[in-house]
């Protein structure tokens, strides 16, 4: 948590695009996204390399253990706690309530994994989503900064879609199938399964927003003429 707090302070000192500086409502979002980007790069590559280095972990999703995976879950828990506090203390709870719900789910699930040492491999698979989040965050930063190169946004748009399937939808679908088929529906197993199913619904909702925004803009209702600073954080 302290480490991400230091990153947030560093983000305050970094130069901001003119489109962000000219819109006070975007300043907090820009800084928040930079910290999120740092977490995505570190956690996503950490999860990917840990599973690549120890593929045998995938054969025991419930009880497989590695020190690297345990530290990764602690690291990401720190980010979710920091981001929750950042949203609340900067009075962004109303516009970012979906993030708060997601973070509450992640923190409660991760704390249970840290304490019991079980399902750490499942958490590592879930944290592969951070590889996808790298490109999702780049997309949001490009939109906020009004980048003058449409080609850059277009290229990232398609990379983001591929990464969404490979590192978000695929691991999530596999884990949902695994939990529903093999995990006991009681105690920690029941709690994590409920969290996983709620996360499924959220991911599909976000995916539909992404498709409407980047690939089927004509399907977006009432989007024209609205002030971006007044929009909900996630809709950006």
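Note: Cβ is positioned from N, Cα and C throughout, glycine not excepted.
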Transmembrane segment per TrEMBL - which of 12-32, 33-53: 33-53
Positions on the same chain near the transmembrane segment (121-141), where near means CB under 8 A and six or more residues out: 30, 33-34, 36-37, 39-41, 43-48, 50-51, 57-58, 60-62, 64, 69, 72-73, 76, 109-110, 113, 153, 156-157, 159-160, 163-164, 166-168, 171-172, 174-175, 178-179, 192, 210, 214, 236
